[in-house]
Amino acid sequence: MLSDDELTGLDEFALLAENAEQAGVNGPLPEVERVQAGAISALRWGGSAPRVIFLHGGGQNAHTWDTVIVGLGEPALAVDLPGHGHSAWREDGNYSPQLNSETLAPVLRELAPGAEFVVGMSLGGLTAIRLAAMAPDLVGELVLVDVTPSALQRHAELTAEQRGTVALMHGEREFPSFQAMLDLTIAAAPHRDVKSLRRGVFHNSRRLDNGNWVWRYDAIRTFGDFAGLWDDVDALSAPITLVRGGSSGFVTDQDTAELHRRATHFRGVHIVEKSGHSVQSDQPRALIEIVRGVLDTR
């Protein structure tokens, strides 16, 4: 096990072999580089123009998609949302889908102007809905991972245990060691592989000068009303595929039916068994196959 000092100096791409193993991929690892566009940081995968854009959930970062992207084998852009990962924080702590999409639109035009698909999970999915409504040229097709515009209502209905790692966003922010952060995360997601959780915490944390560790993401201090995004769904021209975690309560059958009713081009829903909210972390191989199936229909 690496010490805190060794973790501090570890390159962010040093663990990609673990992602390849998790994805069941043999052979050389794909090209990947960190790119910056103003206040937004992202990971650009592959040696050609990105075909897929990935937007993560609240309290996550672009590396949450590493295993899926390695397994998919397509050129991609995984974005750190505002206030997350290596992207800049907002002074007002407002990371609503509406503001996120306004920030991301020019970035995506610069870094992935010809992308065909957007895969968005949780807050990233809601951001993608708003983005598709305001800039339809940027979202040719949309895959939503365990989210609809009823997300805040569902979040309020769940217990802390049911929220899993999402509950960590509202807890302690500073820890005396990396292991203390990892222990808390393991307790929140006991069903998940410890090696995967350790990798996730590594990407989602940073060490302070005093030796303590903190989460990389800002505290979301202002919550907007997501329900208005249902009107955006009404206006979307992009086809939509919904992926649900079979053990997650963040999307209900009622929400699925509402999405089906409102979306002009609803391709269908995939329920991933033995998965909670973060399907890309709980069952990455299943998500790889679903996304590949969507790509193959183009």
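Just so you know, glycine gets a Cβ as well, placed from its N, Cα and C.
According to Swiss-Prot, the features are:
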- SER122: active site, nucleophile (ACT_SITE)
- ASP146: active site (ACT_SITE)
- HIS277: active site (ACT_SITE)
- GLY58: site 'Involved in substrate selectivity' (SITE)
- HIS155: site 'Involved in substrate selectivity' (SITE)
Check: Far apart in sequence but close in space: which same-chain residues, 6 or more away, have a Cβ under 8 Å from ASP146 (active site)?
Finding: MET121, SER122, GLY125, VAL243, ARG244, GLY245, SER248, PHE250, VAL251, HIS277, SER278, VAL279
Checklist line | Number of Cβ atoms other than its own within 10 Å, given for HIS277 (active site) | finding: 29
